[in-house]
Every structure is written in structure tokens, then in C-alpha cells.
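As given in TrEMBL:
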COMPBIAS  B:1-11  compositional bias 'Basic and acidic residues'
DOMAIN    B:51-446  domain 'Major facilitator superfamily (MFS) profile'
REGION    B:1-20  region 'Disordered'
TRANSMEM  B:54-75  transmembrane segment
TRANSMEM  B:116-135  transmembrane segment
TRANSMEM  B:141-161  transmembrane segment
TRANSMEM  B:173-193  transmembrane segment
TRANSMEM  B:213-233  transmembrane segment
TRANSMEM  B:269-293  transmembrane segment
TRANSMEM  B:339-359  transmembrane segment
TRANSMEM  B:365-391  transmembrane segment
TRANSMEM  B:398-418  transmembrane segment
TRANSMEM  B:430-449  transmembrane segment
Amino acid sequence: MARRQAAMASSLIAAVLLGACLPAPAAAGVHLSTLTKALAVTASAKSGQVLHAGVDKLTVTWSLNTSEPAGTDAAYKNVKVNLCYAPASQKDRGWRKSNDDLSKDKACQFKLTQQAYAASGGSFEYTVARDIPTGSYYVRAYALDASGTQVGYGQTGADVAFDVAGITGIHTSIKVAAGVFSAFSVAALAFFFVVESRKKNK
Amino acid sequence: MAEEGELKKPAAMEVEGAEAASKPRFRMPVDSDNKATEFWLFSFARPHMSAFHLSWFSFFCCFLSTFAAPPLLPLIRDTLGLTATDIGNAGIASVSGAVFARVAMGTACDLVGPRLASASIILLTTPAVYCSSIITSASSYLLVRFFTGFSLASFVSTQFWMSSMFSPPKVGLANGVAGGWGNLGGGAVQLLMPLVYDAILKIGSTPFTAWRVAFFIPGVLQTCSAIAVLALGQDMPGGNYRKLHKSGDMHRDSFLNVLRHAVTNYRGWILALTYGYCFGVELAVDNIIAQYFYDRFGVKLRTAGFIAASFGMANIVSRPGGGLLSDWLSSRFGMRGRLWGLWVVQTIGGVLCVTLGVVDYSFGASVGVMILFSFFVQAACGLTFGIVPFVSRRSLGLISGMTGGGGNVGAVLTQLIFFHGSKYTTETGIKYMGLMILACTLPITLIYFPQWGGMFVGPRPGATAEEYYNGEWTEEERAKGYNAAVVRFAENSVREGGRSSGSQSKHTVPVEV
């Protein structure tokens, strides 16, 4: 009894010390609200169009906004394009929440491409990956500086979100296996009941 | 008569009867009821220890299946497009089916025996596990979790079977180990499923297929364990129910009588409530903890699974520890010790639960507190079933079923109030759950056995265990000898009167604490 109590007390102390020693949370990331929305981004999918995962393609084009003053893109070295969940797909799903702090943001999880920045703009043809879940999406492009930190961005409007139909992952073999195993279980039970009644009647 | 000396080990507690000639021989020491007086964990001696291993393992497999989905939720929720509300509803569904299934199982055990009752429910729920691999929507997800959850009713048959095979001084330990090692499944699966998933991915599957295939592992284990129970198990030391009913050794009771004596015993209801706040809490945590660590602290899926697993894995020692503690307290303080032990341990569990909800700012502290919390809350489950076998003899199965069902009601209520939709953050929900544990543990103070006392009141002078248990039968039934087992049980429960009660079962002596 005493040994168990001592073990518990020491593990509590260890846990608290461990907690106290944990490194301070990582420095906060860049905030989206501080970035210049300098890029104009368009996606080839129309609002409400359904793209099938693994099959359909999406072309993303970006360029510097013509209304931006000259020299805005002096620091831009690379462009990173992400696929983001539209608000309809974020509702009641806390694990997809947007956050102004980009290091905590969970809405733009799928990276489509990262390319060198060109003043004339760029584009990328993306085949929707097989692990993109069913939902509504829009596209966001970040402009990165030499150190890889976001310094500007642009996105297609969330009101023109397109849909992706994800794969179900079900193969015929799984369906057959499920049926066979289920039938076997019930049959095994029936078998034993029959054997029992035979023994009882003997 | 000389045969008797060879049949039993000298260390056995015995009251010799004239039935020596028809007494079966056992490899373990047994009491007058043929129940084992020792517990040999690493033995498979038939029928006592083999019953133990069959029952805990089949129950373990049911836990594996019921909680196979939570560790894979980050994948399932994307495949099916689930919302937080869908997930919460399915979590509630997974433990609500067993509420009535457990009560029904208690009755089934009383009437047809634990072997057939448990194997039936286990085999009939395996199709739900296999079909979890082919679901495509939130509603089908809810349905498979609901039907799979019915298998948790096999808990009742586990406890009933152990109470039939093991003598009162060892019943707390036997119940605790069987229940604890079964509950272990809820923890082991949090580790197992991500590993199985990773292995299937490596073989070359896509994520959305791999989690589906993973469900076949718990399914197959469940099927095999139930077949083993049917092929190798035995209801009571003397044989199976069918045989005992036929030979007249055991009276076949009526459902209405069993029901009446269970629902009119207030102790059963109190234990059902308090069990809801140790076991029910354990189930709720099994459902939410992996997602909590994954989302709150941003750890990897496998890490979240590992942490969630350590919560359930504490069951290896914590629940048996609770049972052992109950038996030890009983040897010193009798039934009053068992009651105090339960109240203290479960209250500490509640305090730790509140702490867990409060330390969400620190990952290390959360893990540490969670582990401590798991020990106490699971030990409380073991302590509860150190008391249940004594509440009723006639309706043992149904009382076990009510208590077990109450555990699931607690799980349903807790998830419904605190972990449903987006009303509370998970850490706030955990904090309030702890407060509810503290409140719902207080009724233990109201439990009173006339022959052994309660937490604050001593036993009534002159009250005996035989009177208490015989009260469940009418005069005519007693005349026909239906209550034969009661006399033996009362004699074997002498120790519940406390240290100073001596070996006389006819008298009770005020317990000195």
C-alpha cells in the first residue's frame, strides 16, 4: 500500500517537473492580417464545380496585382500554393479552424506546389490528390522571402469555392470479406447451439 | 470418505458435507460451494482459472472492437466528412447500446448461464465490426458504433462468471482482474489501431482504404475468442447450467422473481449511479482522449494513440489493484472497509479529473495527471465490484447487469452533456466531468447492510447474513430448498463482518475500526 502511494507521489512530482521543464511554446508565426494581399490568384474550377480526387485537374494561375506600387515584390523569392477549406467545410469541425497566426492555422493544410517567383506571374497544373477529403475548397498563394517566411499572399474568393469529391477507399474485396466474416460468426453461434440441443436431448 | 483427503489440498477452507461421493475433483482448493479459494493468475486449471482466462480475453476483444474507431478518427472524419456533432453522437451511441444490453445480459446469466449468454452477444455483434470497414456516411458510422457497443454487455457475464467460480475472500480480486484486463482493450486498441494502420499503409494501401482494412483485426479476434468460450468454457464449478438444471442440483429461477428482487434493492441502484462515475467516465475518456491530445497539443496520430493507450493500459494493475484493495480492506474492516475504500478512491479520482481539465496549458502535466487519474478511476471500478457480489444472491446477474448498465448510462450522460458538439472546449468538459464525479460519489454513504453496517453506521446487533440473503426467498421456496446456495455463501462471507467477527456466522459483533 505504502509502496504504491510512494510510487504515485513520485510520478506526480515527476510529471509536474517535466511540465515545468517543457520548452516555451514556439515563437508565434506570421499573422495573415499583416501580409499584403499583393497577388491575384485564379483557379480553373468554377464555383460549385465538382473535382474528383485522383482524376480531375486544377490549374492555378497567379500574378502580381497591377494596382500594387512598384517594388512591392522586391523581397519575393518563392511562391507556395495551398488548398484551403472553405467555411462550409469548416463548420462544426474545430480541427479545420482558420487562425490569423499562420503557424496555428489549420485551414490551409494541403500544399500544391512551391515555385520560384517571377514578376510576370506563374501557373501550375495540379491533379487532385487521392487523400484530399470531400469538401469545399479555395486556393491561396503565399509569397515567400529568401528565408521562407510569408511576406505576401493572394487567394481565390471563398465565395467561389469549388468542391472535391474524395475517394471512399472501399474496394470490392473489402465488401466481400466483411460479408463472409459476418456470416461465419453467426453460423458458428448457430452451430454451437445445435450441438448443445443435441447433447441436451441425448 | 478417505477420498476427500485426496481431493482437496489441506490449506482449503472447507465445510464437509455428506455429498463427498458425488463431489467433483478440482486442481485448486475450493470452499463448500466448489468455488476456488485461491487465485492462480498464470494457471489454466479447469474450470476456475480457464473460465477466468476465457472471460477476460473475450471481454478484452469486445473493448478492442468498441473503441477501434476513436484512434483512427482523424482519418475517418475526413473520409466521411464528419462534423464534431456527428463524432459526439457516435461516441454516445457506442456506449448507449450496452445500457440495456447489460441489464438483459444480467438476466440471461441468471437464467441460461454466462457461457452461452456472453458468446451469443459477442458473436452477434461481430458483423457490426466487420461492416465498419464499408461505411460511407455519418449515419452508417453511428449505426456500426451503436451495434458494436452492445458487445460491452459481456462485462456482466465476466463478473457473474467470476462470482460463480471464486469464493468471497477472492471474489474482489477475481472480478477486478477480469474486468481490468478486459477494460485494457480500450487502451490497447488506441495503440494497436494506429500501428495496424501504419502497417497496412506500408504494404501499399491509400490512407482512406487502410483504416477500413484495419477493422478486420478486432473483428477476427472477437470471433475467435467467442468460439473459444463456447468450446472450452463451463458455467459453474459443477458443470453447465443445462446439466445442473436437468439433474436438479440447481433450481431454474423465474425472470419475474429475479427482476423483482433486483429492482427493489436500493443498493443496486446506488452502485449503478456511482459506477456511472468511475466506469462511465473511463468510457467517455476512451472516446475523447486521443482526439484531445491530437488537436490540443498537435502531436502525431501515433503519439496521440500512445498517450490515449496509457490511460486504458493502466487497467492492467489499477482495476485488479482496486479489487485487491477491496479484499484487503474487507479482511481488516469487513464490508465497511470496502465501502470506505470505494468512496475515498473514487473521490480522489474526481479531484484528479478536475485537475486534468485545468492543466491543459502544459502537455507534460496533462499526461502525468491523466495517468494518475486513470489509476484512481479504474481502481474505483475494481472496488465497486468488490461490493456487488454481496448485494444479492438470487439476482446476482441482474444486479451486476444494472451496475454495469449504470456505468454506460454515466458514459452516455457525460458525453452528452460535456463532449457533444462545440459548446464546451474539451478541457472545460473534463473539468466539469470531475465535479460531477465528486457529486455522484456521495450516495455511497447511504449504502447499509444490516449484518455488516454502512460507512457511518455499525451493523444491527443480531442481524445475520443468512437472514439478509434468505429474505429474497419466500417460506415455500425455502422449504423446497431453492436457497441452498445461500447458506453456503453466508458462511463463506463471514469475513465481511470485520476482523472481530470471528468464525461464527450466527452472531455479528460490532466492528472495531
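Here the Cβ of each residue, glycine as well, is placed from N, Cα and C on the backbone.
A TrEMBL annotation is a machine prediction, not a hand-curated record.
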Contact check, the transmembrane segment (B:54-75) vs the transmembrane segment (B:430-449), 3+ Cβ pairs under 8 Å, seq sep 6+: no
Positions on the same chain near the transmembrane segment (B:398-418), where near means CB under 8 A and six or more residues out: 88, 91-92, 95-96, 98-107, 109-110, 152-153, 155-156, 159-160, 163, 258-259, 262-263, 265, 268-269, 271-273, 275-284, 287-288, 381, 384-385, 388, 391-392, 424, 428-430, 432-433, 436, 440
Considering the transmembrane segment (B:365-391), which listed stretch of B:116-135, B:173-193, B:213-233 counts the most C-beta pairs under 8 Å: B:173-193
The transmembrane segment (B:116-135) vs the transmembrane segment (B:213-233): 3 or more CB pairs under 8 Å: yes
Tertiary contacts of the transmembrane segment (B:430-449) (same chain, 6+ residues out, Cβ under 8 Å): 266-267, 270-271, 273-274, 276-278, 281, 284, 292, 335, 339, 342-343, 346-347, 349-358, 377, 387, 390, 410, 414, 417-418, 424, 455-457, 459, 468, 496
